[in-house]
There are 4 protein chains.
Amino acid sequence: MDFRAILEEIYTEAKALPAIGTVASTIPELAKINPDKFGMHLTTIDGQDFGIGDSEEKFSIQSVSKALTVAYAFSILGEKVWERVGVEPSGNPFNSLVQLEYEKGIPRNPFINAGALVIADILITHLKNPKQELLNFIRTLSGFETINFNEEVAKSEKDTGFRNAALCNFLKSFGNIHNDVDEVLDFYFHQCSLEMTCKELAHSFFFFANEGKTRNGNQILSQSQVKRLNALMQTCGFYDESGEFTYRVGLPGKSGIGGGIGALFPKNFAVATWSPRLNEKGNSELGMYALEQLTTKTGMSIF
Amino acid sequence: MDFRAILEEIYTEAKALPAIGTVASTIPELAKINPDKFGMHLTTIDGQDFGIGDSEEKFSIQSVSKALTVAYAFSILGEKVWERVGVEPSGNPFNSLVQLEYEKGIPRNPFINAGALVIADILITHLKNPKQELLNFIRTLSGFETINFNEEVAKSEKDTGFRNAALCNFLKSFGNIHNDVDEVLDFYFHQCSLEMTCKELAHSFFFFANEGKTRNGNQILSQSQVKRLNALMQTCGFYDESGEFTYRVGLPGKSGIGGGIGALFPKNFAVATWSPRLNEKGNSELGMYALEQLTTKTGMSIF
Amino acid sequence: MDFRAILEEIYTEAKALPAIGTVASTIPELAKINPDKFGMHLTTIDGQDFGIGDSEEKFSIQSVSKALTVAYAFSILGEKVWERVGVEPSGNPFNSLVQLEYEKGIPRNPFINAGALVIADILITHLKNPKQELLNFIRTLSGFETINFNEEVAKSEKDTGFRNAALCNFLKSFGNIHNDVDEVLDFYFHQCSLEMTCKELAHSFFFFANEGKTRNGNQILSQSQVKRLNALMQTCGFYDESGEFTYRVGLPGKSGIGGGIGALFPKNFAVATWSPRLNEKGNSELGMYALEQLTTKTGMSIF
Amino acid sequence: MDFRAILEEIYTEAKALPAIGTVASTIPELAKINPDKFGMHLTTIDGQDFGIGDSEEKFSIQSVSKALTVAYAFSILGEKVWERVGVEPSGNPFNSLVQLEYEKGIPRNPFINAGALVIADILITHLKNPKQELLNFIRTLSGFETINFNEEVAKSEKDTGFRNAALCNFLKSFGNIHNDVDEVLDFYFHQCSLEMTCKELAHSFFFFANEGKTRNGNQILSQSQVKRLNALMQTCGFYDESGEFTYRVGLPGKSGIGGGIGALFPKNFAVATWSPRLNEKGNSELGMYALEQLTTKTGMSIF
């Protein structure tokens, strides 16, 4: 299939649309971004690899990182991960404390903030130098040695992250955080501050599409494990809009409030989009549009 | 692929497992069933078609019918259906009223009871003879003219269905039921009382796997519409265990408290299982096991 | 104390206020009322008894009746009443189903709709001719033989009472309604349709102020029982505005969406107000104002 | 009335009861207490003043302090206090985050933890040396210059206070905490660590009973303001058991998990009890019993 032509078609159509949505305002450092940026990169199992628009510009991947940290924790602990976090859609906003209270501190899934904090806690427990080892892991996934945290963004998140501090303390009160609250938050704010280009993100997601193996041939997870994380992204990757994304796009993926989305078609391709304007659920308006067009125009959907 | 050998293997293994779970007790008529029944039927796009165990015995399909009624409503109204019911996982038990109150009477999806009642109301509005036309629709889907309601089961549900009566009145108080409450409940209790064999159920689900076309060549929905309903079953088909089912099995499907499950692999096969013992979430314990084994042994999963 | 002068002062002040609030619109029959009606009647233990404004005009007492039915049930069953309904403020709107779901069908208190339905069910179980005997009870309380139901209002409530039908079915699903749902609703809609003047209502509430004894000397409840119901009205009588009413007025009382309020100062007086304009919590705006002025001007408050 | 004889009677009866309930275990420092301690002190407007049992032994007043800090904030800000905290019963446990999420960070009342944290924040904003000035205020209320914090208890609360840290960060995320989270928590943990004897506590509550004036004649609040705080204690002082306490005892009061209760009969007396065994709602079992007996034996209740 000529993906390049399709991407160009989507790009042209997308740029012609009226601008909808607003840039995330909760984190001051992110609010500075140019809202009209738009990039897309696709990389296929059979070797096609190209981007369009602002696809080589760095952006803050934010919650897209949750897909990568859960993969890291899963590679270390296997199924034991699910003793401390569930695999069910939450049906609530990403930062809700309500469900957590009713369910005694076990987050519904690793893609809501509470779940990602538990995953961060797991990684801290099992890594000697957690932040550096996370960087190494992601550099291995992507093949890009220059991927790094943005310390200004991490600090900005810390200065305004009272809701996350509330979640982390709440989890700790249920015994589901084992390390120091401040250390867990520091790790979490750093993972969210990771910066990538669409190309780097698509390459990082490649192993999800390629039965667990990166573009450089590193086997990160088994075929069966990757299948399970893909399933999890399908049901839970887009906060309380996961159903809508599945309904419209039909691909496993993960979004972030920086405007990025990583998605994939198992055994076929990985794709990343970036457009900072968010809809009211906190997902990239143009990114969702572009991915919907991708599955519509190619007829490639898992359903 | 030699599906027959795989089914026989699964059947043998499943029968050797210790019996787990209990038969649904909320509906007296259903509680009489032999808990050790177990059947399975698989039908492929390329023409394979066979069952094993109690696959030709009738059982009450209950909530599996919700997948068929939403298909019927979707074939009549198209995307307008989603003005009155959502496409998001609920994160709550199938009969919860809580979310409905917070969300002003718009059920999260058509597979929780509230959503199915709205679908029933839509069908009643658009059909002249709703129950008969539903039967006709399902007979067309499946190719079996003998499929029918079980009036004893329908009556038993009515006699004990106070929670559903509460839901239907609650929806009506929000204006999201347009017909008479008793008429909607009567239709709903009848659809739940539909009886099928595993073979009939697998054949009924065939069009979901076959891009909208039944085994007899009737185009029920477009390829794009079927893709969307499959996506919806994936995220919402198993109540608040949808994530678990997706994680373990990775196929779109719908379960019922009669112990039946209909599932499918798009463009490949439809499958039905029946075993009345339910886990605590109300899904068939052995049915979920059998489907997990099917995707594991065949390596066929959408993820 | 010269209550007459104080009432006249309050009346003059109240009539000079700008009209705030709107007449209840949920029950068509009630929506027809003249919103500017305002009456007040006070009756003291030491024999003072007079009204002002529209105090001798009939209005629909609606939920004020809940104070009377719980007194009736309490007189029959004593403390056993609390096995099926609680004595705690609900912190939720009067017709919420949420709490009921979490608390397995035991309503928080007898003044929210769910609790009043359980009280209705209790009365139906213990009375041979429930509606007639309720009328007799209330005629005895008040000394007025002409108090009656308004059948048009009762019918109007039935035609639009889907939320109450939802609650009653929901309670039945938890086993906390023993009689037929339709019979319970019919009784409940009738009790709500009771019509009284301010004078009749104040006389009906007299026994709460007079240690259980009516103006005619009938001992309805013991001193200790009346004390407990007064306490209950204090914490729960004004829906999710009970705290506000207690804070501002400091008297036990019960309001209704017909715009009526019955209240009392233990061992001193009973008072009734009527003004159909309601605030957003469903309580009479002018009634609350008048009672706040009454305690402020007299310095008589239980706190 | 001969209160001394009544107190002795209650004390004898109470000591003869089987021990029910358990000492609070959430704060390690509190868990060390002798569970069988029991003291009571009563002080009347007309000058009676005496205690019984362990009434002169210091205990940790914990949440009883919330009645005193809200009085302090009310004396500074007046009605403006209610712009940041409500006056309604919450209907939820004292440390629930659920309601706070639905109600956008405005705690239902100042007696749940969230509300007390907001009151602490208000005091920090308006006081130069908050902890010392709080001590001064309470020494003035009680007339005892030796009342002090227990630093070990304060530290113990800090070390285990993740739920309170969650609440405070959560409030801050809604903008309803103006000062530094750690400073607010430090103040709050100190106020909870205040130690008093029953005598000191009863004297501290005296001004609530005495129209705002302490035993030493200091006018702390106006008559009208005290009436309002008494009303608030009545509806909200005992967590989600406030209705029960009002029903059984019928006096405004405030409990703490150290086993203390302060209560009062307006214009008559203030009373304090201490018994560390708590019921499942976190209120002192024997304290509630003793106060119920006090109103029963004296016939003195506001209702």
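Cβ atoms here come from the backbone N, Cα and C positions, even for glycine.
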Candidates A:TYR72, A:TYR102, A:TYR188, the one TrEMBL lists with A:SER63, A:ASN113, A:GLU157, A:ASN164, A:TYR239 as binding substrate: A:TYR188
Cβ neighbour count (within 10 Å, all chains shown) around A:ASN164 (substrate binding site): 23
A:GLU157 (substrate binding site) CB neighbourhood, other CB atoms within 10 A: 25
Residues A:SER63, A:ASN113, A:GLU157, A:ASN164, A:TYR188, A:TYR239 [recorded substrate binders]: greatest CA to CA distance in Å: 19
Other C-beta atoms that fall within 10 angstroms of the C-beta of A:ASN113 (substrate binding site): 25
